[in-house]
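What follows is a single structure, written as structure tokens, with notes after it.
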2 protein chains.
Amino acid sequence: MPASIQKRPISPSWGEIAKKAQDHRDASIALLDPPLPEIAELPLNSTPVPKTILTAEEVAITEADPVGLVSQLASGTLTSVQVTEAFLRRAGLAQKLTNCVTELLPVASLERATYLDSYIKEHGKPIGPLHGLPISVKEHIGMKGLTLNAGFIAWHDRTADQNALILDILYAAGAVFYVRTTQPQTLMHLETSSNFYGETVNPFNRTLTSGGSSGGEGAIIGMRGSCLGIGTDIGGSIRSPAANNGVYGLRPTSYRLPLSGLSATMLGQEQIVPVIGPLSTSLGGVKLFMKTLIDAQPWLQEPSLLPFPWKTASQIPTDASGNKTLKIAVLYDDGVVRPHPPVLRALKTVAEKLARVQGVQVTEWKPYKHAEAWTIISSLYFCDGGKEESEAIEASGEPWRPLSKFIIKENENVKRHSVREVWDWTVKREEYRTEYARLWGDVDVILCPVGPGAAPPLNCARYWGYTAQWNLLDYPALIAPITKVDPEIDLADTSYKPRNPKDAYNHDLYSPEKYANAPVSLQLVGRRYEDEKVVEAMEYMMEKVGAPFTEFV
Amino acid sequence: MPASIQKRPISPSWGEIAKKAQDHRDASIALLDPPLPEIAELPLNSTPVPKTILTAEEVAITEADPVGLVSQLASGTLTSVQVTEAFLRRAGLAQKLTNCVTELLPVASLERATYLDSYIKEHGKPIGPLHGLPISVKEHIGMKGLTLNAGFIAWHDRTADQNALILDILYAAGAVFYVRTTQPQTLMHLETSSNFYGETVNPFNRTLTSGGSSGGEGAIIGMRGSCLGIGTDIGGSIRSPAANNGVYGLRPTSYRLPLSGLSATMLGQEQIVPVIGPLSTSLGGVKLFMKTLIDAQPWLQEPSLLPFPWKTASQIPTDASGNKTLKIAVLYDDGVVRPHPPVLRALKTVAEKLARVQGVQVTEWKPYKHAEAWTIISSLYFCDGGKEESEAIEASGEPWRPLSKFIIKENENVKRHSVREVWDWTVKREEYRTEYARLWGDVDVILCPVGPGAAPPLNCARYWGYTAQWNLLDYPALIAPITKVDPEIDLADTSYKPRNPKDAYNHDLYSPEKYANAPVSLQLVGRRYEDEKVVEAMEYMMEKVGAPFTEFV
């Protein structure tokens, strides 16, 4: 191919495309009436700002529990227009402060809210269990007629022919879609950094990441610009942003919630199944989301899904007198990368409090070959050697973001496999899953870190082990906020001798000042398909130990 | 590589290995005491022979329903030694008549039966729900210390380190393993033809096939040398032999029964999941098998399995008065290959009788792109281009059996795919599954042929569409015997104009005389995971229409 063709300039350039996307986003926010003020100086901690700008009613609505909101919407105490307007305004502020939005949908959402308000007036009852509730949506979840770029500039002109099935079901249940949120290039970062929008930052500390790949969702919910949002997770992409932003997030077991209508690379890959799931300001929001979707019997439309109901009866065992008993195994350290002091403090505090709860038995979980687990899962992520991602990046001339390069180009396990090699890795995956399942014994849930620290500085989220472990095993895993990094208490462990380069990298990242104020969250993991039990156990645990131990908003 | 190395003679030769396997089998039968008579002239129809050789008690035991047997075993009316001896003898005869056995296990099984008899004496109760029941097992299901060759001569010296999980569970429930059965080279035929043993023939007509790949099971159960056996199915391998031999057989939905510990090619392949399931002389046997295995919670040992219970509550809808209602859609012809007259007669007869049953609604099921379905599934079967099968065949120098050549070498869809191509075919599979699921509407079950005819002449089972269709969709599919080919009634349709070469091949196969006396069976199919409903609906249907319409033993 002659050099003149090889190097011909792409028109429009990737930069022009990105500028257009940003302009579109800004124009969608400019539609708000009254307009939002510009924020001249962006503070380190963005979370107090909305309260200084919004009305008291807007603050009250946006900081309410989603379960309370649907109840008020159903009874008519609140209108959907009121609620949607409040969230639109706070979402707009969240964008200005953390860069988490790809577009607001004020016209469509207010039209929908108006319809729902008239519906309830006419019929005297809500249209469904989510009547009038605004829900935020990650960009790569198809919304009819809107972009579907999955973070690739080259895909900027792809649009959805129809809604993703999950949106159709939530819509039928009464949801209002009002904002779409950011994601990283490739969707395969534990941060949110793209050439469309740059980086989504952490609401609590803008030098830190909001996490990813559902980092737009994490930041907007952390900012209370949303109370319930939809993310996706193949290695930690719901849980890292939930944890980094002090909110709840569930990675359900695979094939429980509808995945059809998403844009991503590697479609058709089933060795490590991506999942869709909720991030929310409350556990009630997580449950409401799961139950609404599963009650709609999505398996009739998407036959890969499992026809399990969402169990509402208690899944926690009881003793002879009917008292709940719970055996919680605590994993402090996966044996590969030691968590930072604030994470270990959170784990120890919770474990100590749990040990004093009647009926709760706390044991320690010994990690079983977690380094090998990473080798298996990362050998199964990009079985074409990352060809599809490379092509999608390079087609527009956009540069590789550092964490795209890290996970694809600098990852020793990324190889172009033959079909036989994929089968061999699948056999190893299944052997590992079998070994792990047989270690469970009578443990109910595992309590563990979400990552090797709180939200790291930008472009430093390089260790996936604490979340990807459960994707490999396909276990349900739920995040809850526990505390924040306190530089007074969470001193660096200067005597620690790292075990390996990954451990050293993580150890060197930490200083109490850098991480100050970052949320510290924990993860609760259950056996495959025991999603309901994990949610119930987390609720029980949080109540019994009095967590979270601090306020986040 | 020099020609001298390329062509060096293999020692022992494949023929010597096969001879050794046959000698081992014959020696295992020769252990029976009193010895079985030789059968000098093999009749066309083998089924009447056992009654002329066995004692009345042996006949009564081996022709009893497995549910009745476990009840008699549990109450002590029959001992396990009695029952095992009877089945060993009839299995030995089945071998002599149809060539369906790889080895009898008289020593181990009688030792086990003796133990179980002493157990019940000592404890006054059975050891489990299968106490003392003999179960037959297809060879490639690992049995500790025994061969595990999957039909490849080159694998003749592979043995199982441990029992397959399914055997461990059945054993714990009280089963007695007493015979292992034949399978074809590659396991990928709808017949049972290998270089170890030659062809397993049909008990009702030795010029016809027993079906396959679980054709050893089909023939032995058709001969009543077993009342309950274990087969596997990735394209029809439980259903073809069940149908050809006039017995029941269930292909359950994937991931309901434990698969670990099987020997086969393509291990780690998950695009089209093989399943394990029962063949039995009764629907009660099928239910007993499913319930026993699922009640044991095999998902705790094999975490790919789904933690569904085996539902015992009725799954058939009822009307306002509580009467059962059933909407049965009849698929007469898949639009690709028209079934032979006896199959169409069986369908029409059953459909007409069903239409007269109160509460049953009979409609016609229009096939939806069944030719495309075959393209998809056969593109996903051998994604390495059949490399593993070719190597396993050629390593010993054994010749390709005609149907191995047909399905791998002469199959236009067998290609060496890249990983991306596998993903693309998987997307097509999922799209097709989605389209099909959305066509179901309020249909409860589909009644359809099991194949394009009754058991065909040897080496002629070249059309997989009627069974592989449901593997592609992963729907539960159950076989029941309905009638037999009657040359007086089932005249050839000489006016029929075939639509395509496959249709012509099948049409030309038929003549009433060739197929005389072959069992004609039908298949009932349900939505994914509705295994219990399919079994219940079949039971209901058979009772209401008074099927089977003839005796098979």
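Including glycine, each Cβ sits where the backbone N, Cα and C put it.
Curation plays no part in TrEMBL annotations; they are all automatic predictions.
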One of B:L187, B:L257, B:L259, B:L262 listed by TrEMBL as binding substrate at the site of B:S213, B:I234, B:G235, B:G236, B:S237: B:L187
Cβ packing number for B:I234 (substrate binding site), 10 Å threshold: 23
Nearest recorded site to B:S237 (active site, acyl-ester intermediate) by CA-CA distance, among recorded positions B:K138, B:L187, B:S213: B:S213
Candidates B:K138, B:L187, B:I234, B:G235, B:G236 (recorded positions) - the one closest to B:S213 (active site, charge relay system) by CA: B:L187
Per DSSP, three-state class assigned to B:K138 (active site, charge relay system): strand
Diameter of the substrate binding set by C-alpha atoms, the set being B:L187, B:S213, B:I234, B:G235, B:G236, B:S237, in angstrom: 11
Distance [Cα-Cα, Å, rounded] between B:G236 (substrate binding site) and B:K138 (active site, charge relay system): 15
Output field, substrate shell: CB within 8 Å of site CB centroid, site B:L187, B:S213, B:I234, B:G235, B:G236, B:S237 dropped: B:M188, B:H189, B:L190, B:G212, B:S214, B:T232, B:D233, B:I238, B:S240, B:P274
Cα distance (Å, whole number) from B:L187 (substrate binding site) to B:K138 (active site, charge relay system): 11
Local Cβ density at B:L187 (substrate binding site) - other Cβ atoms counted within 10 Å: 29
Candidate with the highest Cβ count within 10 Å, taken from the binding-site residues B:G235, B:G236: B:G236
Cβ neighbours of B:K138 (active site, charge relay system) where a neighbour is any other Cβ within 10 Å: 28
